[in-house]
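Working notes, structure below.
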Amino acid sequence: MAATRRSGKRKEPLNVTSTSESSSKQQTQKKAKLEQQKSSIRKGKGKEKQTEDDDMMEDDVDDINFSYSEIKDDEKEDQDEDDEEDDIDWETIQLPPKFEQELKTEDADNDTPMIYKDVEIVMETPRVVLKESNWEKAYQRNLREWMHHSHVVLLIAHYKLRNNWCSATNMKSVCLSIIPDNCKRLLTKNSNESALKTGIKWLLKWWYEFMVLTGPGLLTKPYLELGNYYNGFKTLKEWIDAHQSDESGDYIEDLEAFIQLLVSKSATRDTAAELFVAILRACECDVRLVASLQPVPYKIAPGTPSKVAIDNEPEDTIEDSDNKPIFKYRAPTKTYVDPNVQFKEARAKPPTVWCEVYCNDTKRWITIDPIRGHIDKPMLMEPATLNRSNHISFVLGFDNQNKVTDVTRRYTANMDKAMRLRERPLTRREKEGGMKLWSDLMLTGVCRKKKTERDHLEFEEMEKQQTRQVMPSAIGAFKNHPVYALERHLLKYEVLYPKEPVLGSIRGEKIYPRSNVKIVNTAETFRKQGKQIKEGEQPTKMVKANVFTIEKKRLKEQAKQDGHDMLVACYGDWQTEPYVPPPVIDGKLPKNAYGSIDLFTPGMLPLGAAHIPIKGIGKLARKLGIDYADAVVDFEFVKMRAVPVIDGVIVVEQEKWVLLEAWEEHEQSEAIKAIAKQEKGVYIRWRKLIKSVLIKARVDRAYGSHDKVDKWANYDNSKGADGGGFLPESDQEND
């Protein structure tokens, strides 16, 4: 097949004369047309506006001349391009066979008829993602906390029910029928520690061979997975029915089903530990069912994709399939995991349910792990830090009487972390307002029982265990540590006082006892506590000021313009003394610049003055001419302004009883006026009612009928006599 290409040679120009003649003719014709347009413009104008028309005509002529010059330039450019195209010399060449075959294929495709199908193109606008409001964030945060609290309460009820099943009479009978005889002889209520541990060791060995694990038991699910986990179920019963066959679930309907698991020798990790508690109680041992609650967390774990990111994730489309690679790679085969091997590996992990046996010989509780076979090793119950499905926050023990005891301190080396996992720490303002942690209030109600000597000894043992903790080897572990502290981890209002003793050092930083960490406050905060800074004391720490009012905000902006931050001095409690207000002198109250007296605490009352906490008594004191001052007990912030909270007045002590007697008389007179006003209102309403009845009676008497005869009855009687079909008139009705 041949093709043409351009060569570097140029052809000689042909017919130059004819081309120039044709172009000159065209120019002559265009000039003639322009002259005709000029003449028509001159003739079409009136005589009255000759001057203006001449100017307009000249402008039009200029425009026409300009357009004419443009036309000439365009023609010249077109002619040059045609000349260049004519000068190109094209040659015929031979193409390779490969390109000839492709061209033939393209020609065949072009000859085949094309069938077009309807294609629907949907242009979607990008989804506008609105920024989550502060109200929505607060609502979601509160919702997570409510779910966390509710889940904790439900888990406590769950384990109380299981603990009650472990003490049932039917369960005890079944357990006694399967327990080995050698274990029964050693496991008694009054066994010494050696015999008790030996019997438990034999029992654990038998239990390991007797019970087969079928699942892990209860697991913690992240907060974001709960929406998909419970999606599609309208009632709780539907969800329970759908998850009864879940291999990781632990649903048992009643006591009979619980006993049947013991008979069938198969259960989950949690249920197996609960059944072991029933075995020990059948041997007359004092046993606790210990459960590490795994509630849904109240906060989202770091690294979890947000809900907005999940909603905006692009979906796979049909066009994406075109971009997939042509070559198909072999997918990696899934490694087969034997369920028995998997459950054996699960035995090595810390459990969430175990038990404790009380030893009367040593007066202490012995920890028993029936899944892994550990005896008296409480610190092995704490899971790894990276374990997301098992964490220690609430560890509760349920005894034979179904009483609850908080034993979290015994099984964790970092109690502060467990407290953070329980709930959100209180803010500084919440602490100052007297607010308490929800977990403390809940445990106070759940663990309500009479404290015995055994309980006091157990509490002292757990306290000693916390103080015997090993010093951490990492700097991050010192943060919020209950025993040790580093200066770098101090909060805004915390200082080290005194800076001794030094317990050690890590990477050049000194380690101090946690008891040396003290709280500092501003002079204004101490004044609200009824304290004042001692004379000559220097600030312990300078911190950035908190801005709550417009005035402080202006000062902060001014300091920022000056190139520095607005700082406020903080002092420690050891630098303060009780506030002593100035006394009353010559019957005059020591008022401040606003005409009031600060009374944040009862000790701030001036000597010789009296506080009368009655609302509105200041008006009466002003009428009587008694000197008084408003008692400011607190401040509240409204619209960036500090508004004082006033509770009554402060007067001179000698005038207190005079003002109270006047107030009593005032209250009596106000009560008499209120009663008189109420009686007057009653009389007015009765008078209105009586007048309404009298008016109605007078109207009925003047315009109503004396005999109550139906007008339609008169109409029926008169229609036959008169022979008409007219309706009765009002005068006929009276007849």
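Note that the numbers count up from 1, one per residue, in the order the chain is shown.
Just so you know, glycine gets a Cβ as well, placed from its N, Cα and C.
Those TrEMBL annotations? Automatic predictions, nothing curated.
The feature compositional bias 'Low complexity' is assigned by TrEMBL to 17-29.
TrEMBL lists 51-63 (among others) with the feature compositional bias 'Acidic residues'.
If you look up TrEMBL, you'll see 75-90 (among others) marked as compositional bias 'Acidic residues'.
Among the features that TrEMBL reports, domain 'Rad4 beta-hairpin' is placed at 467-518 (among others).
Among the features that TrEMBL reports, domain 'Rad4 beta-hairpin' is placed at 520-582 (among others). Summarising model confidence by region, the domain 'Rad4 beta-hairpin' (520-582) averages a pLDDT of 91.
For the domain 'Rad4 beta-hairpin' (589-663), the number of residues in each DSSP class (helix H, G, I; strand E, B; coil) is 22 helix, 28 strand, 25 coil. Residues or ranges marked as domain 'Rad4 beta-hairpin' in TrEMBL: 589-663 (among others).
Residues or ranges marked as region 'Disordered' by TrEMBL: 1-97 (among others).
Residues annotated as region 'Disordered' in TrEMBL: 714-735 (among others).
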Within the domain 'Rad4 beta-hairpin' (467-518), residues counted as helix, strand or coil by DSSP: 11 helix, 16 strand, 25 coil
For the domain 'Rad4 beta-hairpin' (520-582), residues assigned helix / strand / coil by DSSP: 21 helix, 19 strand, 23 coil
